[in-house]
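Worksheet for the structure shown next.
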Amino acid sequence: YMNLLKYLFSPLYTDPNMVNAGEMNGSGNLMDFLDEPFPDVGTYEDFHTIDWLREKSRDTDRHRKITSKSKESIWEFIKSLLDAWSGWVVMLLIGLLAGTLAGVIDLAVDWMTDLKEGVCLSAFWYSHEQCCWTSNETTFDDRDKCPQWQKWSELLVNQSEGASAYILNYFLYILWALCFAFLAVSLVRVFAPYACGSGIPEIKTILSGFIIRGYLGKWTLLIKTVTLVLVVSSGLSLGKEGPLVHVACCCGNFFSSLFSKYSKNEGKRREVLSAAAAAGVSVAFGAPIGGVLFSLEEVSYYFPLKTLWRSFFAALVAAFTLRSINPFGNSRLVLFYVEYHTPWYMAELFPFILLGVFGGLWGTLFIRCNIAWCRRRKTTRLGKYPVLEVIVITAITAIIAYPNPYTRRSTSELISELFNDCGALESSQLCDYINDPNMTRPVDDIPDRPAGPGVYSAMWQLALALVFKIVITIFTFGMKIPSGLFIPSMAVGAMAGRMVGIGVEQLAYHHHDWIIFRNWCRPGADCVTPGLYAMVGAAACLGTVHTDHCAWVTPVFGNLQIA
């Protein structure tokens with residue numbers, strides 16, 4: 001900056017080292033001076049900060065030259081139009097690729113998660129649900145059982161029940177989890193060390209003007225996409241939603257390198273990355289508007305108005321691409337899409353407040369314990385063996401998770417089940433209520449009922465799953481693998497909220513004459529929705545772990561409808 005001031009005020013300042021008379025008199029073009037120390041943008045060194053003023057001046061000068069040349073010929077005019085529309089083309093390409101990768105990741109995770117328990121004989125690439133969709137022998141009562149899908153014990157030793165079958169399935173479940181985790185950490189360690197973690201803190205740093213070479217490279221994109229599938233399929237207490245933002249930004253960096261307008265200007269490149277971050281959140285949570293708000297409030301340092309509209313366009317394209325792939329088979333952008341038909345009442349604010357307190361305690365516990373564990377990992381010999389750490393944590397997770405059905409399944413499916421309201425077609429243990437045979441109510445207006453043995457069994461299993469999830473997430477997050485924290489945080493809150501909701505529901509049913517229930521909960525009415533409590537608990541825990549509450553809760557829960 002001192003050299004720039006000397007140049008601008010050269011008639012007032014004389015430097016004995018200057019021998020060029022033109023420079024002494026202040027002649028020449030300012031952009032020529034700016035280009036002297038930096039012949040090209042590539043001269044920015046790694047782990048250095050870009051010059052925002054210089055990048056803005058370069059873009060202004062480039063735009064001025066294009067405008068002046070467009071008047072010379074038709075070809076130059078067409079080139080100016082192509083330059084003006086190149087931004088929208090880049091947004092289109094980012095949306096298409098980000099949506100496609102998100103759909104492929106969702107399908108692959110679904111298949112590989114079920115692969116730990118069995119295989120589809122008719123088509124090995126089908127997941128359990130897809131395999132039974134194609135079967136004509138599936139009944140309503142046994143909708144999850146079909147001849148085409150066989151567990152490993154049925155396939156290897158022709159036994160589906162008994163201790164030997166259970167032990168074999170148990171062993172193969174652990175073996176598959178260890179294979180997935182070992183392959184993931186090996187690929188990250190050998191080919192793309194930048195692919196570990198969620199990537200969002202580094203994305204914030206890059207968008208603020210910092211240079212991290214290779215963090216958004218093509219190798220990072222490839223390895224992060226592959227290892228993200230492996231890590232989530234291994235059953236570790238991690239999510240894929242945070243890393244999807246990193247994947248989308250890698251897509252944005254790749255396409256921006258194809259256009260000189262963005263490849264030669266680091267400031268313009270960051271406009272593309274801001275839009276890519278919005279597309280990543282859009283495909284992660286099915287919320288295009290929430291993605292734009294996330295990019296605007298959370299990650300972007302420079303966000304002009306045109307970037308706002310381009311971010312929204314990229315998020316929409318990514319969302320429509322994901323919906324056309326339909327990875328969840330429900331024509332929705334997310335697995336846990338729910339609609340609640342019963343309103344909440346003022347008396348329910350008290351349990352909601354309790355869930356908020358629980359979320360705050362969970363956030364405090366997680367942050368303090370995870371920081372302490374990461375500090376210990378860094379200052380002891382444990383940090384020298386990242387592969388061994390991943391293998392040990394995966395083994396512990398698989399051994400403890402398999403006996404409990406709520407920890408054995410994928411975390412996204414668990415959240416979906418906890419959010420769902422119990423209807424007439426639900427077969428979950430959480431919906432094992434004692435029905436009145438004389439009930440003639442509509443399907444969407446089933447009254448509160450006494451809990452059956454399945455509900456009480458599910459409550460104990462959820463309590464154990466909650467304790468396990470809280471502890472194992474502290475030690476899992478921060479390992480040298482792709483990892484997101486959204487889904488584990490939501491799962492912790494959803495389990496706590498569902499248990500509180502069932503407790504309030506049963507309390508209102510058995511004591512509807514209490515003063516707190518008398519005015520709004522009549523006998524035979526549908527008063528309490530436990531799934532709503534699960535959603536509130538998930539929002540509370542998510543908001544405490546991630547400090548910017550609105551920026552995270554809005555895209556995650558903005559697509560839930562409460563009718």
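Positions of Cβ are set from backbone N, Cα and C atoms, glycine also.
Automatic prediction, not curation, is the source of TrEMBL annotations.
Per TrEMBL, transmembrane segment is recorded for 85-109, 170-192, 212-232, 244-260, 272-296, 349-373, 385-402, 458-477.
Ranked by Cβ pairs under 8 Å to the transmembrane segment (212-232), the stretches 85-109, 170-192, 244-260, 349-373 are led by 170-192.
In this chain, the transmembrane segment (272-296) lies close to the transmembrane segment (85-109): three or more C-beta pairs between them fall below 8 angstroms, excluding pairs fewer than 6 positions apart. Within the same chain, residues 225, 228-229, 232-233, 240, 244, 247-248, 251-252, 255-256, 259, 261-262, 271-272, 275-276, 279-280, 282-284, 306, 310-311, 313-322, 324-328, 410 sit at least 6 positions outside the transmembrane segment (85-109) and bring their C-beta atoms closer than 8 Å to a C-beta of that stretch.
Distant neighbours of the transmembrane segment (170-192): 112, 115-117, 152, 217, 219-220, 222-224, 226-227, 230-231, 233-236, 386-387, 390-391, 394-395, 397-399, 402, 408, 479-482; these residues of the same chain sit at least 6 beyond its ends, with a Cβ under 8 Å from one of its Cβ atoms.
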